[in-house]
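Okay, structure first, notes after.
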């Protein structure tokens, strides 16, 4: 019997309560976020380990240790080294489109299962690697896993969660990403101290732990009521599942909305063609713009290369890995705070506050590095730790804004008929620009030097203005009634039609 706290959705007045069943289901599904976060955190740590560089990228280690003429900003610049990090995201980009068909035809759980199994295989291959080819092949398998998991998990969380708490539940995905990244940083800090130069194998191989949990959990996780209706048109089974996840027998209003949305989705054979129609223009713009902006905040510069960046400003190997742990803790805590407040203050407020915080910290970091970090002169310890503090401020701003909301908003704005296709576009755009940032950052750092932080800071200004002007508030709105927010928005109503008798919502 489901138990929990009684709630009422402000958006659609659906009955229900926060049940233990839905909490446990979403916690297990969010393990996909742990997998993603672990990979983000682990790659930056192992690429800063001397033993890893010596085995796979000896030219980088030689340049760092012996070339006294090399700039502080350029000592890690290697296209092969960045290929190790970025290859995952090319594979993830391709996999996300295959995942869309699987998710739509077979349900959310099969995609999550495929994601966990592929990641498990990639972790095993990476941990056992003895040459660069084997290492990068492992990364490709990890990318397939992440592509499937990141396509299906946010959808699963949005569809299972009650409307009133959808933001908190879906932000749990980013919180899980933070937990995974923090775990990776802690493991890197420990394995770096192992004598014999094989600690990196543990770091890469330990990715199998969350992958195993997700793979096994996916076998037992229930399918969402939305998917049951969309795939099988089994209204009775969907009603029973809805009663179970909401903790009440009175679910007819929500069920009717799901059936109505499913009926519309069945008229669409090619969702990727349908999504470009004018009436879906707001959702398509957000599916492209939000993940693009999320990547040009510069966060993955910190996530992938934090230890390398800290070594660039003068910290040692152990201190750099420990500093990455600190940023991981800050990011995880700030994401947890976002989970608590996102459904109270809304998406737009967090986007705005986080954007301002990130911009200020990036400008200050760039100014300090421009003033003190030369090509051959490092920062003094005081300035290095001041930069570390400012990076933590920046990570906190991302952690309660663009981090979780970059996954939440795209997953909740699409109608059922194009939801899987829309999420695939979101994931693909995210992976495309993650790949571009990961592949080019070390070269950009070498050429832009401290200006790299002004570059990303400029993008933060652009995205904050974009959100203020064009993103309507979506808190408390039932997922199958989300079209209303576009038809009441000052700009988008021109494309999708205005709701008669209702005032416009947030905009200038």
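Backbone N, Cα and C atoms are what each Cβ position is placed from, and that goes for glycine too.
Feature annotation (TrEMBL): of 80-99, 240-259, 260-279, the stretch labelled transmembrane segment is 80-99.
Per TrEMBL, the range carrying the annotation transmembrane segment out of 169-187, 473-491 is 169-187. Per TrEMBL, the listed range annotated as transmembrane segment is 20-38 (candidates: 1-19, 20-38).
Taking pairs at least six residues apart, the transmembrane segment (424-445) and the transmembrane segment (349-371) share fewer than three Cβ pairs below 8 Å and do not count as touching. Cβ atoms under 8 Å from those of the transmembrane segment (169-187) belong to residues 26-27, 30-42, 45, 153-154, 157-158, 160-161, 202-203, 206, 210, 303, 321, 324-325, 327-329, 331-332, 335-336, 338-339, 342, 399, 403-408, 411-412 of the same chain, restricted to positions at least 6 beyond its ends.
Per-residue confidence over the domain 'Major facilitator superfamily (MFS) profile' (25-475) averages out at a pLDDT of 86.
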